[in-house]
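Here's a structure for you.
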Amino acid sequence: MGGRLVPFERAREQRFIDGLDRYLKDQHARLKDVFDTFDRDRVGALNRSDVSTMIRALLPDATAGDVQYILTLLDIDSDGEVSFTEFLGAVLKILTDYVSSRGVSLAQAFDEFDSAHTGFLTHNGLIAMLRKLIPNLSNAELKHMAHHLRQMDADGDGRVTLAE
């Protein structure tokens with residue numbers, strides 16, 4: 001498969017993102033709010049039961065296979081729990097894969113908005129890139145996603161590189 005998802009797996013991921021999107025809009029919530037809602041014991045990580053509850057809230061018709069697949073997708077380090085960093089990383093990866101499956105490469109979009117060829121994007125550059133990649137987002141959603149992308153600034157210099 002060369003790292004590509006088969007259509008059935010992509011459909012599961014897309015259903016998860018669609019459910020998450022509906023939940024965010026219905027609850028007027030941010031990704032961190034969603035994570036905190038399902039972190040019932042407030043330890044900063046979702047255990048298997050928390051993730052299952054979250055998936056069933058987002059996708060009421062989810063099968064046991066869907067729950068297991070999404071849990072595996074979210075639990076990046078396979079420790080049986082999903083940290084917020086893992087949750088955010090998995091959601092952003094799914095969105096990136098979705099965008100690239102639509103014919104827009106993240107690297108192309110990054111380069112387009114890094115017009116000075118500095119190798120990084122500022123806050124305004126991130127907003128412009130997100131606006132192109134996901135055109136139906138509201139201004140609040142764009143700012144929220146840019147905020148989360150800035151959290152991925154590994155070296156803390158206030159700029160986001162493509163590698164980050």
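Including glycine, each Cβ sits where the backbone N, Cα and C put it.
As the structure is a computational prediction, the values presented were derived from the model and not from experiment.
According to TrEMBL, the domain 'EF-hand' annotation covers 26-61, 62-97, 140-164.
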Would you mind giving the whole-number mean pLDDT across the domain 'EF-hand' (62-97)?
85
If you run through the domain 'EF-hand' (26-61) with DSSP, how many residues end up as helix, strand and coil?
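When I sort the residues of the domain 'EF-hand' (26-61) into the three classes, I find 21 helix, 2 strand, 13 coil.
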What are the helix, strand and coil residue counts for the domain 'EF-hand' (62-97) according to DSSP?
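Split by secondary structure, the domain 'EF-hand' (62-97) comes out as 25 helix, 2 strand, 9 coil.
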